[in-house]
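Participant: Shown below is the structure under consideration.
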Amino acid sequence: MAFSAPVIRAFSQPAFTYVVKFPYENWKEEEHLLWSLLAPGTERLMIQLRNCAPHPEDDPVREDILCSLADQHYGAIFAKACYIATTTLMGQKQRTPFPRCDIICQSEIGSEHLHCHILVGGAGLSKRNAKISRATLLGLVMAELTQRCKQLLALRPFEPAEANIFHLLKRIEREAWSGHTGNWVQILQYKDKRGDLHAQPIDPLRFLKHYILPKNRLISPSSKPDVCTTPDNWFILADKTYAHTIINGLPLLEHNRKAYLQELESEVIPGPSTMAFGGRGAWEQLPEVGEQRLITSNASTAYKANKKEKLMLNLLDKCDELNLLVYEDLVSACPDLLLMLEGQPGGARLIEQVLGMHHIKVCAKYTALTFLFHLHPDQLLTSNNKALKLLLIQGYNPLQVGHAICCVLNKQMGKQNTICFYGPASTGKTNFAKAIVQGVRLYGCVNHLNKGFVFNDCRQRLIIWWEECLMHQDWVEPAKCILGGTECRIDVKHKDSVLLQQTPVIISTNHDIYSVVGGNTVSHVHAAPLKERVLQLNFMKQLPQTFGEISPVEIAELLQWCFNEYECTLTGFKQKWNLDKVPNSFPLGDLCPTHSQDYTLHENGFCTDCGGYLPHSADDFVYTDVASETTSGDCDPGNLGDTDGEDSKSEASEVDFRPSKKRRVISATPPSSPVSGPSLSTFLDTWQSQPRDEDELRIYEEQASQLQKNTKSTPEREEAQLGEPQEPQPEPDPTAWGEKLGVCSSQQPGEPPVVLYCFEDLRPSDEDEGENIGGE
């Protein structure tokens, strides 16, 4: 018999409310999978519940089923997992296994997701860390659910559909430990004057009274509330439902719910009679108010905006809310508001003024890097990122380049305020530069054709793009100020000169930007100061035509990973990469010894030191796991029960902030090649260190025994060869060599020779047999 939770009379402060969603989209259509995974043994009862009659009809079978499913259905299991995870989180905050806190968890069946409301309060949780704790809470909940699934795995192997849900829970858990919640957990927040969101403390008892308790019971989307709720516990005006409620570890039973609510209203939460009404009761006569007189004042009344000004204010709010930066964005996002403003006198100029004000506001609030993250939040770096691959092809460490770009875009690189991509055509210069500036979106371009106003488009911008930069003596002096991040005044057409703040510059060119052209002379006087302001990357390798364009999202993924991992300042960059001075020519990358590839095999992830792709294993059988077989569609029920697959190839393919472990490359003997032993040098090169697991130990013992057999049989073969008489063999002529190679001369003159067989069928010689096993 379950004990019902007593009425909670005081709740620990501060208190916050979370909502955790079950990360499976099609759970309603495949509800039977949740029965078998989370609540095995309840399938028959849940099916019988569908056929039960709703109240007020008497159905004894319905009462027995609901009594049997009291806290055994999957909604109750989900609520228990959330309660255990929240208790663990508060224990971490208070650094004790027995935290002093109050926790209320209620699972509900929503219109889209199965979710759980969590009310938690106690020491260690504050407005500053409650929002950050979402990822930790999600990871703990997913860990509890996967542990519940493993209990079923001890009894029987998973079905393919069950294995998909299990691996989905494991993936969400790994992403949560990396800081990515994926909108699977939320917290009640409020927005301040600057538009930032913060965690909102709540009154937990009133939240419990008005939102949590007055709901009817529903434990399955295929059933109805009037079937799952008894008539005595029915809330007439309630239109929302719940599945299971836990208060401080004890379940709140259905028949105690109304009594709990009544006691909470009458005794715990103060009613109107106890509120401050100046000593009077709630329904007594209000105090009399004396005669009020208006005080005459000479002060002017508040100003009321006219229609045109209200339209401008509304448009400015829309630009801030939807990140509208150019006229085309206004046309696509709010055409009605744009038409109303265009209809006003001087409407086109008013729209330009509104966009200009919004640009000033964005430039004052963000840097190019923070605005890029604002437009592309919570991006996860994957190994098939084209920006990563391009930098590897050009010989650079992509993580080091990303670190430098973060410092420049965040205005933390000192005097080096410019990144220049230099090289011949079709090497990816413009591709990379365009992805950066399009990711920021608020950028200006330098126009050589308008020689009097070259930097006319660079004011009120987060970043400047100088495509095919060419340095001329007419603008070399303001260019040095802009490239170095120094404030200067620039000329604007039809306006006075304006002040240009520090703005990062991206250059893509195949010209020598350090040579200043003027008339018929070329000067190198400005080369040294220009090199001190520019960080140059030389792209010299041409890309294939099928490489594709780098998207702004891929740039955001790379920069966000670097921003989270490194200190994006000049000091942090120099300390991380052991540099005394950041040179003009960016240093090339130094790949790890095992990461020298052709940058094609990227499924194993990337190295967090050199940025190169992790090598693949030559023995596919050793590193085959359940997750890869499940996603490819070849499901083996025997292998689905192997929980070791969660740490193998599936984790390596899902690249997050925790890179995959490096593996030893062990070559397997090709099936078509003859059985031959490894050579001693190849064997020693391969096994320079001890085997790290059972598979490598097995391969090591096989190769060692084969090498020992070859060593013993070598003297016997030499003696047999010395005993046989050697006959002189004539040297073959070109025709004989052609027959050995599988090429015979044609019978008809003038026709090409006939190829009899392929070179792949030739048996390897004795000298090459030792190279087939044990080495790459």
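Counting starts with 1 at the first residue shown.
Cβ from N, Cα, C; glycine included.
Residues or ranges marked as active site, for nuclease activity by Swiss-Prot: Tyr211. Per Swiss-Prot, ATP binding site is recorded for Gly423, Pro424, Ala425, Ser426, Thr427, Gly428, Lys429, Thr430. The compositional bias 'Basic and acidic residues' annotation in Swiss-Prot covers 646-659, 691-701. According to Swiss-Prot, the feature compositional bias 'Low complexity' maps to 667-681. The annotation compositional bias 'Polar residues' is assigned in Swiss-Prot to 703-713. Annotation comment: Swiss-Prot describes 193-197 as region 'Ori-binding'.
Show me how these features fit into the shown structure, please.
Facilitator: In the three-state DSSP reading, Tyr211 (active site, for nuclease activity) counts as helix.
Neighbour count (other Cβ atoms within 10 Å of the Cβ, all protein chains): 17 for Thr430 (ATP binding site). In three-state terms derived from DSSP, Thr430 (ATP binding site) belongs to a helical segment.
Assigned with DSSP, the residues of the compositional bias 'Polar residues' (703-713) fall into helix, strand and coil as follows: 11 helix, 0 strand, 0 coil.
Look at the region 'Ori-binding' (193-197): DSSP puts its residues at 0 helix, 1 strand, 4 coil.
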Participant: Based on DSSP, name the secondary structure state of Gly423 (ATP binding site): helix, strand or coil.
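Facilitator: DSSP assigns Gly423 (ATP binding site) to coil.
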Participant: Near the region 'Ori-binding' (193-197), which residues from the same chain, at least 6 beyond its ends, have a CB less than 8 A from one of its CBs?
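Facilitator: Residues 131, 320, 365 contact the region 'Ori-binding' (193-197) from elsewhere in the chain.
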Participant: Take the C-alpha atoms of Thr427 (ATP binding site) and Tyr211 (active site, for nuclease activity) and report the distance between them in angstrom, rounded.
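Facilitator: Distance (Cα to Cα, whole Å): 60 Å.
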Participant: What is the Cβ neighbour count of Gly423 (ATP binding site) at a 10 Å cut-off, with all protein chains included?
Facilitator: 19
Participant: Using Cα coordinates, what distance in whole Å links Gly428 (ATP binding site) and Tyr211 (active site, for nuclease activity)?
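Facilitator: Cα-Cα distance, Gly428 (ATP binding site) to Tyr211 (active site, for nuclease activity): 56 Å.
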Participant: Please list, for the compositional bias 'Basic and acidic residues' (691-701), how many residues fall into helix, strand and coil according to DSSP.
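Facilitator: Per-class counts: 8 helix, 0 strand, 3 coil.
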Participant: Excluding Gly423, Pro424, Ala425, Ser426, Thr427, Gly428, Lys429, Thr430, please set out which residues of the same chain place their CB within 8 Å of the center of the CB atoms of the ATP site, keeping sequence order.
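Facilitator: The answer, listed by sequence position, is Phe421, Asn431, Ser508, Asn510, Phe539, Gln542, Leu543.
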Participant: With Tyr211 (active site, for nuclease activity) as the reference Cα, tell me which of the binding-site residues Gly423, Pro424, Lys429 is the closest one.
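Facilitator: Minimum Cα distance from Tyr211 (active site, for nuclease activity) across Gly423, Pro424, Lys429 lands on Lys429.
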Participant: Which one of these binding-site residues, Ser426, Thr427, has the sparsest Cβ neighbourhood, judged by other Cβ atoms within 10 angstroms?
Facilitator: Ser426
